[in-house]
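Some notes on the structure that comes next.
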Amino acid sequence: MGNSALRAHVETAQKTGVFQLKDRGLTEFPSELQKLTSNLRTIDLSNNKIDSLPPLIIGKFTLLKSLSLNNNKLTVLPDELCNLKKLETLSLNNNHLRELPSTFGQLSALKTLSLSGNQLGALPPQLCCLRHLDVVDLSKNQIRSIPDTVGELQAIELNLNQNQISQLSVKISCCPRLKVLRLEENCLELSMLPQSILSDSQICLLAVEGNLFEIKKFRELEGYDKYMERFTATKKKFA
């Protein structure tokens, strides 16, 4: 795209605090945005071909609340991204990310994290440091097991659909705020589903279709009645 078009977008963003440039075939993060590090609240560069974020610029957007780079070619995230102390929404669906920076737990304001369609091989332990995290989407990755650290996750909703999960720590029942757990289309045997999820957790929507067991058998598990009480109570609340 031409420089004049980009300049026009930058000028608009200066007034609105929102920079949106989708579907433009961009191969790199626009360096012109460094003029706006103290204005921008929202950046959306989805549906481009960006393969990296510039470490020297990305951490300087001190007011940024929402960053979207869905459908790009990112393979790694720089540590400097984690300087964004006001960031509430981070959407990086359909990239090529295998892991998150070790400093990711410093994104202390983060509420919504979308990483669907990446190449994560494990549940990132850094997520357990994020105290305000509400919604986490890790669907369509390559996660094989959910470790004990999951018990410290603060999220209300966790989407793990379409992974390769065959092991699930019993500690998932200890998540203090977890209400919605999506595990559809994984590799779980019925014996690998901790009974405490049903009988002794906060979870009121558990989606497990498309695993290695029949739903009929799932409904026969001890504790299923208790789970259904929570499910029905929640349904009534929102009816």
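Note that Cβ sites are derived from N, Cα and C of the backbone, with glycine treated the same way.
Record features, source Swiss-Prot:
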| type | residues | note |
| --- | --- | --- |
| LIPID | Gly2 | N-myristoyl glycine |
| REPEAT | 39-60 | repeat 'LRR 1' |
| REPEAT | 63-85 | repeat 'LRR 2' |
| REPEAT | 86-107 | repeat 'LRR 3' |
| REPEAT | 109-130 | repeat 'LRR 4' |
| REPEAT | 132-153 | repeat 'LRR 5' |
| REPEAT | 154-175 | repeat 'LRR 6' |
| REPEAT | 177-197 | repeat 'LRR 7' |
| REPEAT | 202-222 | repeat 'LRR 8' |
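Here the repeat 'LRR 7' (177-197) has, by DSSP, the following mix of helix, strand and coil residues: 5 helix, 3 strand, 13 coil. Sequence-distant contacts of the repeat 'LRR 1' (39-60) (same chain, at least 6 residues past either end, Cβ-Cβ under 8 Å): 13-14, 17-31, 33, 66-84, 91. Looking at the repeat 'LRR 3' (86-107) alone, the prediction's average pLDDT is 98. Residue counts for the repeat 'LRR 3' (86-107) under DSSP (helix as H, G, I; strand as E, B; rest coil) come to 5 helix, 3 strand, 14 coil.
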